[in-house]
Amino acid sequence: MSPQTETKASVGFKAGVKDYKLTYYTPDYETKDTDILAAFRVTPQPGVPPEEAGAAVAAESSTGTWTTVWTDGLTSLDRYKGRCYRIERVIGEKDQYIAYVAYPLDLFEEGSVTNLFTSIVGNVFGFKALRALRLEDLRIPPAYTKTFQGPPHGIQVERDKLNKYGRPLLGCTIKPKLGLSAKNYGRAVYECLRGGLDFTKDDENVNSQPFMRWRDRFLFCAEAIYKSQAETGEIKGHYLNATAGTCEEMLKRALFARELGVPIIMHDYLTGGFTANTSLAHYCRENGLLLHIHRAMHAVIDRQKNHGIHFRVLAKALRLSGGDHIHSGTVVGKLEGEREITLGFVDLLRDDFVEQDRSRGIYFPQDWVSLPGVMPVASGGIHVWHMPALTEIFGDDSVLQFGGGTLGHPWGNAPGAVANRVALEACVQARNEGRDLAQEGNDILRQAGKWSPELAAACEVWKEIRFDFKPVDTLDPNDKKQRDNEDTLADKLFGDKG
């Protein structure tokens, strides 16, 4: 390591300002297994060298400030400082760089996503020397991961609780999201569950408003759950949104849900905050409740390509903080989400170990050391014609959630639920028989529609509904090139040998 990167205790204090790169840019640094690693997309102001910009990020998100201070001599900056250890130019983007920063583990409180984010993204995003800054990815080391409980239960425990295997789970968000009375709301829940869905859901902004107070909603939804269970012989659930203005009120609602005996509750983890979410996840683990997570407000943070926090980071944070489900986009619906990027963070939610794969936006390998997985929830502008693609993209360990695609059925809520259940069962059966859902999906649905009038009616209503808009957040050209090279190699190895 070059001498200028080291803090020498023997050197007397010299007041003044010096370049960040003299202390915080360390290209010879070898990362440790215990380091938290971050990949930042940095857009410096004109005239600011990329090394200085990367070093400024490392400094301002760890031990540094704008000037030298006397108290630097009272500690070991070499032990505690963040280090920018690599910078690479983003091909195809003007003045954008990926700056890699390593943080010593001792900088962070154990088991606290709140402290992790306060340090890494808390202040540096307003730094004047940067035009824009985005946190693209984090590597959470096993030593830090082990300080978190993570999801209350995880995928396998949820399947065992529900006694549902071998297929994605089906859900529906009750619409209109605001304005229904508690009794009419409960009626819609019952009709959807009775028609064949596994779950129904409160929308993210359903809390406790004048038209429907939370306690009334909980009671009528519990009645709908028990009635539909008795009639179908299946375990059912409704995501009762416990999000509230205070943690005390949130936990009071969770307690009431537990007393009703329902299987699952819900939280808006970004608007509610990581501290509240972690507290609720601990309560759910201790009291046998599943926890559904909505990501309301995420696009404010993650949608712009050059500034903010990528959703893969927010997904990792949720797995640490705790949740059994989280909304992940659909690829095919009305909400933002490129296929390869979405599949990348879906793997980060579910798998125990994920390899580095820049073609899917994954900058670092991630070892979750047996932390339970989280089910991705595909929701937003989807209907029966999307079922083959959703089944292929997300696989069995997912929740496919049709709001308007259930409640918008021309014959009513229950027939809408029937249509979705029949479509899912047909796609799963076809997949298990070895059929190609991508190529034969429409034919599979048409065949199933011949013996299900509910599905046939749904197919007719939504046959021309598409959301053909290009995503804003896409892979960089150099990452796409890696994907293209991998596809070319695969064609050479496994292509048609006829």
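Think of each number as a place in line: the chain as shown, counted from 1.
Note: Cβ is positioned from N, Cα and C throughout, glycine not excepted.
Binding of substrate is annotated in Swiss-Prot for N123, T173, K177, R295, H327; the matching candidate from S62, S76, S228, S379 at the same site is S379. For K175 (active site, proton acceptor) paired with S379 (substrate binding site), the C-alpha to C-alpha distance reads 13 Å. With a 10 A radius on its CB, H327 (substrate binding site) counts 21 other CB atoms from all the protein chains.
Looking at K177 (substrate binding site) and K201 (N6-carboxylysine), their Cα atoms lie 10 Å from each other. Between the recorded positions K14, K175, K177, H294, R295, the minimum number of other C-beta atoms within 10 Å of a residue's C-beta occurs at K14. Mapped onto three states, the DSSP output places R295 (substrate binding site) in coil.
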